[in-house]
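Annotated features, as they stand in TrEMBL:
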- 600-664: domain 'CBS' (DOMAIN)
- 697-755: domain 'CBS' (DOMAIN)
- 68-92: transmembrane segment (TRANSMEM)
- 153-175: transmembrane segment (TRANSMEM)
- 195-215: transmembrane segment (TRANSMEM)
- 227-243: transmembrane segment (TRANSMEM)
- 255-279: transmembrane segment (TRANSMEM)
- 332-356: transmembrane segment (TRANSMEM)
- 368-385: transmembrane segment (TRANSMEM)
- 441-461: transmembrane segment (TRANSMEM)
- 468-487: transmembrane segment (TRANSMEM)
- 515-540: transmembrane segment (TRANSMEM)
Amino acid sequence: RLPAGEMNGAGNLMDFLDEPFPDVGTYEDFHTIDWLREKSRDTDRHRKITSKSKESIWELIKSLLDAWSGWVVMLLIGLLSGTLAGVIDLAVDWMTDLKEGVCLSAFWYSHEQCCWTSNETTFDDRDKCPQWQKWAELMTGHTEGAGVYVLNYFLYILWALLFSFLAVSLVRVFAPYACGSGIPEIKTILSGFIIRGYLGKWTLLIKTVTLVLAVSSGLSLGKEGPLVHVACCCGNLFCSLFSKYSKNEGKRREVLSAAAAAGVSVAFGAPIGGVLFSLEEVSYYFPLKTLWRSFFAALVAAFTLRSINPFGNSRLVLFYVEYHTPWYMAELVPFILLGVFGGLWGTLFIRANIAWCRRRKTTQLGKYPVLEVIAVTGITAVLAYPNPYTRRSTSELISELFNDCGSLESSQLCDYINNPNMSRPVDDIPDRPAGPGVYNALWQLALALIFKIVITIFTFGMKIPSGLFIPSMAVGAIAGRIVGIAVEQMAYHHHDWIIFKNWCRPGADCVTPGLYAMVGAAACLGGVTRMTVSLVVIMFELTGGLEYIVPLMAAAVTSKWVADAFGKEGIYESHIQLNGYPYLDVRDEFTHRTLATDVMRPRRNDPPLAVLTQDTTTVEDVETLIKDTDYNGFPVVVSRESERLIGFVQRRDLTLAIKNARQKQDGVVSSSVVYFTEDAPQLPASNPQPLKLRRILNLSPFTVTDHTPMETVVDIFRKLGLRQCLVTRSGRLLGIITKKDVLRHMAQMMNQDPESIMFN
């Protein structure tokens, strides 16, 4: 861009564009941002601040504040998302227990908190205390009997329906964007798409409230994915306080990448896993500076959550485990088999869920979101209550499956037959034969597994906040625990077999079923989301099981290989495709031998390209062109005969400039000439005042020649985040390729219907 002095080519002509007018360079809803343009605008801003800072102390302070604003935003995001996560955790605990009973000493206590404060509890019956009463006991005074069971059952279903009805109604009335997990949309937004209101204040408020209701209703969903959305809403909220971020969409995306890291950090209590998740799974553009800032935001968020201490065990992690035994090489075989199971379940889940969601979109079903949520909640509650493993919240279930059986565990899964002659230190409990409780638990777990697999397919994607991490982990943890108990019993009964001989002496503790549950959970989560590195880090941060990294890695890699064999997309990419968001996946390979000329428009039979000339177009011509077309921008050429390219001008900037000029500049009428050259043409005095729009012209639009391979074009769009690219031959303009053209072309090459993938 030229200094203002040079721009006033016609000295007497007021160049109103030297004063930038509001909204120039902003984008419409559902449009893609131009990363290159945002980057150069930020560089200009930075240059200005740096040169000003040498003028006075005040300007220097302002420049320092500007430099620190990024860290301040990170601090605020960390504090707010940590606080919200803590509040959500506490509220979910209380409301989940509210379905079964109430604390008489203080109704705002959950079951666990109620019995902590009690003096009458013993260690064995730490779940039973007189202050906590189930609803039927409160109403009838009886604790046993069929009538009591039926009343509790009925009230459980009633509470679940009430919670889910409230959740879906709030989403429907106040914030339609608060439904789902939010990660597919956030990936799309971070790749440069604009969805106004998706990260707004209303969405933040409603998502926080309805997330508590949805999780408490006992549906098969988690709060982890939606917490990423909540954290990104916090990030967007704080961006609007600083003009550096509120006026530059590219800079805002950097903050949102860090906010996503803070979201995973508080969802799992895994700060490093959060940073890696943002890098591997959600972010599109992740410079080094963003890495440090994500690290800081995740740290602050985790620290805030730890201060609130929602789990009451003064630990940050959800499922802390302490296993006392190492793992052995032979156990890699069942670990890898769990990986295969995870990959197959991931594939099955993605295909079935996408088919169901497509059905919801295309049939009458989509018109009754409230009914659908109520129906699924009703079915879930009716089937979940009889089975103790599905009645409790999914996080508690996973926690129990991960646990190692110590001598103090009261769980059914730890009902082993003890040998009275054993005298051993407490923590090294030898392998023992399974008792009736374990076999009973295995039956219930097998039923719980089938129930979870089926119901999650129908739950994910309904019009309420729903995360996928916890249900997928539950499926894997159940399968893993069943396999773990099977291996343990085999090792006990056949310790003379050649595989067990080397490492399993009779009377030793050699197989930890909880570890199998952990590996299974990682495998299933990997199969659904296709995460690898961040998944393993999240798992060991989640459980504190540092020495089990190799089994977790083996399972994660296997599940990714198996799932990739059936289709490259994870669940989030599949939902992006289903909704037709313009998202160019970095992982997609483009291997076809097509050229830019095959993709550019106009095609052979199309009308010619809509262009502006540098000094012969009138205001009326421009307004007609804007009215008759819906393109995002127009190339500017020297003349229609030569078609030599000069630059590119955005549609929105043109509209605003003409509107502004008509209001502020005298003598601008429909027949005024619009010119994009540096010097005003010498016009006769009788002609109306011309309008100079050089200032909004992009003089360095991205161009390729007509023989550029599409492989290169796709790569350029992907890496530079372009909106459009002009196609020229020896300086003459031939056509234009937009991001949507690239996506359409890729779909055609994969034999998909290009219109089905386009967001409308």
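Here the Cβ of each residue, glycine as well, is placed from N, Cα and C on the backbone.
TrEMBL annotations: computationally assigned, not manually curated.
What you are looking at is a predicted structure, and each value in this text was computed from that prediction instead of being measured.
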Restricting to the domain 'CBS' (697-755), what is the model's mean pLDDT?
89
Using a Cβ-Cβ cut-off of under 8 Å, list the residues of the same chain that are 6+ residues beyond the ends of the transmembrane segment (68-92) and lie near it.
110, 208, 211-212, 215-216, 223, 227, 230-231, 234-235, 237-239, 241-242, 244-245, 255, 258-259, 262-263, 266-267, 289, 293, 296-305, 307-311, 393
Is the transmembrane segment (468-487) close to the transmembrane segment (153-175), in the sense of at least 3 CB pairs under 8 angstroms with a sequence gap of 6 or more?
no
Under 8 Å, at least three CB pairs between the transmembrane segment (332-356) and the transmembrane segment (468-487) (pairs 6 or more apart)?
yes
Against which stretches of its own chain does the transmembrane segment (468-487) lie, if we need a Cβ under 8 Å and a gap of at least six residues from its ends?
181, 220-225, 267-268, 331, 334, 337-338, 341-342, 345-346, 349, 389, 394-395, 397-398, 401-402, 413, 434, 438, 442, 445-446, 448-449, 452-453, 456, 459-460, 511-525, 527-529, 571
By a Cβ-Cβ criterion of under 8 Å, what residues six or more beyond either terminus of the transmembrane segment (368-385) are in contact with it?
153, 156-157, 160-161, 163-165, 167-169, 172, 217-220, 360, 391, 451, 455, 458-459, 462-464
Over the span of the domain 'CBS' (600-664), count residues by DSSP class, listing helix, strand and coil in order.
24 helix, 17 strand, 24 coil
